[in-house]
């Protein structure tokens with residue numbers, strides 16, 4: 001009985017059974033081909049010449065006939081299977097190649113991030129090291145300058161001549177800067193080209209005679225007044241008191257910037273200014289308002305005020321300056337001092353206000369040491385802004401107070417009472433409050449919020465760990481947790 005071919009290509013019931021049972025030698029049309037071979041064998045009668053009888057009989061009697069019949073489909077299946085496996089292998093190799101490329105790109109990006117972090121950490125460490133060195137250098141140079149002035153006063157008291165002499169050394173600022181440029185820069189420039197480039201601080205046209213007189217004269221006068229009043233204060237007060245009072249210039253800079261430059265109002269800086277004024281009054285009270293003490297405090301406060309006015313006017317008219325422009329400007333002040341202010345010590349000499357017997361009798365060692373340290377202080381202040389954080393320069397300045405105090409104690413030139421010590425501490429605290437950035441309140445709030453978020457994340461992690469531990473104990477007791485997904 002013939003069965004019609006099904007739509008899926010299975011012709012007979014035997015084919016269906018073989019297909020369902022998963023016979024390894026099955027292929028479509030297996031039973032029909034088998035029946036055809038059987039019919040060809042049965043149809044050939046004995047004695048008849050059948051061309052295929054021998055082959056059919058031999059295939060029927062041979063024990064390898066089934067294998068021979070099934071070898072073709074098996075080979076076909078093997079070829080199909082091998083081609084499928086090869087296709088899968090090629091696809092897997094392509095996928096693995098894509099995954100390898102993606103992994104390589106991720107690894108390279110990760111390495112770049114790690115390198116960038118290492119570079120940033122290295123730069124921060126280097127800035128910190130430079131900052132520490134510059135803090136020590138700034139404080140040491142300022143302490144050394146103050147102490148050398150006190151030593152010079154024992155044999156030679158000519159404060160204006162000392163101011164004029166030390167200001168003339170500012171001429172060497174630009175040559176020192178240019179020497180550093182030649183030592184470090186890859187593209188070296190000629191001295192005149194570098195000088196013209198740095199003279200842009202005065203304007204696009206550079207330094208002209210009009211600008212030289214107009215811009216340099218007021219700053220040179222303020223520079224001379226600041227140093228001269230500082231030296232006068234050192235005659236009346238100890239080095240510790242003068243250096244502490246000079247730290248009030250930060251408070252005066254804030255007040256002048258708020259009034260003149262319309263800078264942002266900050267309550268914390270007003271508090272710092274009040275603390276500075278309180279320290280000034282307490283410093284005058286420390287010696288029971290003695291005449292020399294009051295005059296010395298006035299000189300020191302005047303020096304701090306002129307220094308603050310110098311900084312505010314510089315910011316107003318010249319703006320910010322880089323290291324080269326600052327070196328050019330300070331050297332220009334030295335030239336102006338040498339050309340236009342040299343007549344003042346001559347007048348004081350002939351009027352015998354500041355008189356000395358002969359030039360050979362001058363303490364040239366102390367004078368050169370004072371001028372050299374003063375120049376080093378100015379160079380370090382400007383270099384420090386380039387190499388490290390500007391706030392560290394201010395910290396180096398305020399550290400000159402304990403440095404001078406230590407030297408004064410060793411020399412037994414000062415006796416700290418409670419009022420003087422409290423005044424010094426109050427002024428130093430006010431100075432440090434002035435160093436707070438304008439967005440210090442926002443930065444503080446952000447820091448507090450980040451701490452709260454970290455605590456909440458740690459609490460969530462602890463809760464998760466405890467829940468995982470409880471699940472593990474439940475599994476150990478025989479309970480099974482079935483995941484939802």
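Here the Cβ of each residue, glycine as well, is placed from N, Cα and C on the backbone.
Residues or ranges marked as region 'Disordered' in TrEMBL: 31-64.
The compositional bias 'Low complexity' feature in TrEMBL is assigned to 31-40.
The compositional bias 'Polar residues' feature in TrEMBL is assigned to 50-64.
Within its own chain, the transmembrane segment (124-144) is flanked in space by residues 239, 243, 369, 373-374, 376-377, 380-381, 383-384, 387-389, 392-393, 395-397, 399-400, 403-404, 407, which lie at least six positions past its ends and keep a Cβ under 8 Å from the stretch. The transmembrane segment annotation in TrEMBL covers 124-144 (among others).
Annotated domain 'EamA' per TrEMBL: 130-284, in sequence order.
Feature annotation from TrEMBL assigns transmembrane segment to 156-178 (among others).
Annotation comment: TrEMBL describes 212-230 (among others) as transmembrane segment. If you look at the transmembrane segment (212-230), the same-chain residues 6 or more away from its ends with a CB under 8 A from one of its CBs are 159-160, 163-164, 166-167, 202, 242, 246, 299-300, 302-303, 306-307, 309-310, 313-314, 317-318, 329, 332-333, 336-337, 340-341, 374.
Look at TrEMBL and you will find 242-261 (among others) tagged as transmembrane segment. Long-range contacts of the transmembrane segment (242-261) within its own chain (CB-CB distance under 8 A, at least 6 residues past either end) are made by residues 142-143, 146, 230, 233-234, 269, 272-273, 275-277, 279-280, 283, 296-297, 300-301, 303-305, 307-309, 311-312, 315-316, 394, 397-398, 400-401, 404, 423-424, 427-428, 430-431, 434-435.
According to TrEMBL, the feature transmembrane segment maps to 267-286 (among others). Among residues of the same chain six or more beyond the transmembrane segment (267-286), those with a C-beta under 8 A of the stretch's C-beta atoms are 241, 244-245, 247-248, 250-252, 254-255, 293-294, 297, 301, 417, 419-420, 422-424, 426-427, 429-431, 433-434, 436, 440.
Sequence-distant contacts of the transmembrane segment (293-314) (same chain, six or more residues past either end, CB-CB distance under 8 Å): 218-219, 222-223, 225-227, 229-230, 232-233, 235-237, 241-242, 245-250, 252-253, 255-257, 260-261, 280, 283-284, 286-287. Residues annotated as transmembrane segment in TrEMBL: 293-314 (among others).
Among the features that TrEMBL reports, transmembrane segment is placed at 326-350 (among others). Within the same chain, residues 158, 160-161, 164, 167-177, 195, 198-199, 201, 207, 212, 216-217, 219-220, 223-224, 318, 356, 378, 382 sit at least 6 positions outside the transmembrane segment (326-350) and bring their C-beta atoms closer than 8 Å to a C-beta of that stretch.
Cβ atoms under 8 Å from those of the transmembrane segment (362-381) belong to residues 134, 137-138, 141-142, 144-145, 148-149, 151-152, 155-156, 162, 165-166, 168-170, 172-173, 176, 227, 330, 356, 393, 396 of the same chain, restricted to positions at least 6 beyond its ends. Look at TrEMBL and you will find 362-381 (among others) tagged as transmembrane segment.
Here TrEMBL flags 387-407 (among others) as transmembrane segment.
Annotated transmembrane segment per TrEMBL: 414-436 (among others), in sequence order.
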Sequence-remote partners of the transmembrane segment (156-178) [C-beta within less than 8 Å, at least six residues beyond its ends]: 149, 191, 194-195, 198, 223-224, 227-228, 231-232, 235, 323-324, 327-328, 330-331, 333-335, 337-338, 341-342, 344-345, 348-349, 354-356, 362-363, 366-367, 370-372, 374-375, 378-379
